[in-house]
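Colleague: Below is one structure. I have some questions about it.
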Amino acid sequence: MEEKSKNKISEEEKQFHGSSSRPKGGLITMPFIFANEICEKLAVVGFHANMISYLTTQLHLPLTKAANTLTNFAGTSSLTPLLGAFVADSFAGRFWTITFASIIYQIGMTLLTISAIIPTLRPPPCKGEEVCVVADTAQLSILYIVRSLRNTKTLLLGALGSGGIRPCVVAFGADQFDESDPKQTTKTWNYFNGYYFCMGAANLVAVTVLVYIQDNVGWGLGLGIPTVAMFLSVIAFVGGFRLYRHLIPSGSPFTRLIQVAVSAFRKRKLRMVSDPTLLYTNNEIDAPISLGGNLTHTKHMSFLDKAAIVTDEDNLKSGQIPNLWKLNTVHRVEELKSVIRMGPIGASGILLITAYAQQGTFSLQQAKTTNRHLTKSFQIPAGSMSVFTTVAMLSTIIFYDRFLVKIARKFTGLERGITFLHRMGVGFVISIIATLVAGFVEIKRKHVAIEHGLLDKPHTMVPISFLWLIPQYSLHGVAEAFMSIGHLEFFYDQAPESMRSTAMALFWMAISIGNYVSTLLVTLVHKFSAKSDGSNWLPDNNLNRGKLEYFYWLITLLQVVNLVYYLWCAKIYTYKPVQVHHSKEVNSSFRDEFELSNRSLVDA
């Protein structure tokens, strides 16, 4: 058995080492990985940041329909990473999933740029006071088809949507750092800060340079730039192939989870064993999915432990692999428990995304009515207002990484300063303040409109400075720096190590659902706040006559309830317990090259 295990490990080492003896991974791989993510984010944000203007001014859609169109597309593109994660964790691996996804993404962006150049894909421009012609079904269909193609990045791997890059590039980057190596000074939480900083930098370029080009030069060039950038990013990412640490795909994680559920159901009538040490363990079959250590038994959800009870019907013989649809190891049972435990915490981030989504819709519409002139001849594009969100986020990340962690470390004794659960909690509180402030700013904006007799002149600039909107944009940026990065840390840290692409997909799924909740909320508020006199909280054509502040405060109230829910979930949450391998027979060589970060209950 020992000789067989060594031979297996040797083959896998040859597969991923090649002829080079240089240690794989580390900081040297980051430029290649970040280049891919920056360009992907540049393309997405460069398109989405100003799209509310494109839909309302070019396609002449009503405001609520345009807002829902954006959040629906954002939701769909954030949901599909589940498919890409499945492909990556099951058989393709993260590198090849990212590579093929990027190529398909490139094709979609090229088609999108072409569609923005052709005039027949848009209705005619508005003339004077005439009612604008709304885009017809054929023109909208072209937009939807092209945008669907833009998000279809993993067709070559049997997955649809934007699932190829988003879940894999985060986990792939984190895989490059081995915290068990004493020479490794960069920790995964440092990487997550750096990853999000690069995303923010790409956002900054998109909402300034690209939005300005779209508004003042044309959509063809404004979309052509990120298309070219995406092409260069594919080349850069593939160029780092020999430097990367490539972890072995360990089979479908969803199959393993279903196997545990099925075997537990089959043995549901069995009496639970009195001693957990009697439950079935097998380090050999668990070795490929437990490189950093086996998950140890926890008392929660004990009904699932029945999947690891050995019975006479299992007909277990020495050295034989059991039927995993009938009998599972403790490690595999704990994988399912970990995923279930992560669910409530992960779901708590949905409403923060719902609140954040309003920046690209109603907050942007607020900005369009304000005085955004910096000089007599130059004004900030409304789509660039999110630059304040991005700058606040980047500044917070730098402050957190360079100062706050060091200060907090003196009080908590934790290397990361505060836990990711505390970090998420801070983000929730700041997000609540952001939407509360947004409501009061809208009251101020409408008050100025009333003073100048502009209530019924929705297209006339309200003489109020755009600076009034900076607090709500900035607070959302600070909230994102705390909550979203903490969310990423949580999913990566607490997920079973063989399911980390899947965990990153769950992060994007929370974003997806948050956008869908925004769509649902806007639709319900628009429907039930309508009155017989035509007034509405969220009017389609005249924001000055609306009650947008009520909508912001409704989101604030929902977030307060969500914060209470989160605090309860965080209080009862059980961290993933890991026992480091000490066996040299099966796992020693795996650890030498591939061991991922191991965190005990206390360290987490």
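The backbone N, Cα and C atoms fix where each Cβ goes, glycine too.
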Colleague: So which range, 31-55, 506-530, gets flagged transmembrane segment in TrEMBL?
Modeller: 506-530
Colleague: Among the recorded stretches 194-213, 220-241, 420-441, 506-530, which has the greatest number of Cβ pairs closer than 8 Å to the transmembrane segment (378-400)?
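Modeller: Between the candidates 194-213, 220-241, 420-441, 506-530, the best contact partner of the transmembrane segment (378-400) is 194-213.
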Colleague: Taking a Cβ cut-off under 8 Å, which residues six or more beyond the ends of the transmembrane segment (194-213) line up next to it in the same chain?
Modeller: 30, 34, 37-39, 41-42, 45-46, 49-50, 170, 173, 221-222, 225-226, 381, 383-387, 389-391, 393-394, 397-398, 481, 484-485, 488
Colleague: How about long-range neighbours of the transmembrane segment (220-241): same chain, 6 or more residues beyond its ends, C-beta under 8 Å?
Modeller: 29, 31-33, 35-36, 38-40, 42-43, 46-47, 50, 95, 98-99, 102-103, 105-106, 109-110, 112-113, 116-117, 206, 209-211, 213-214
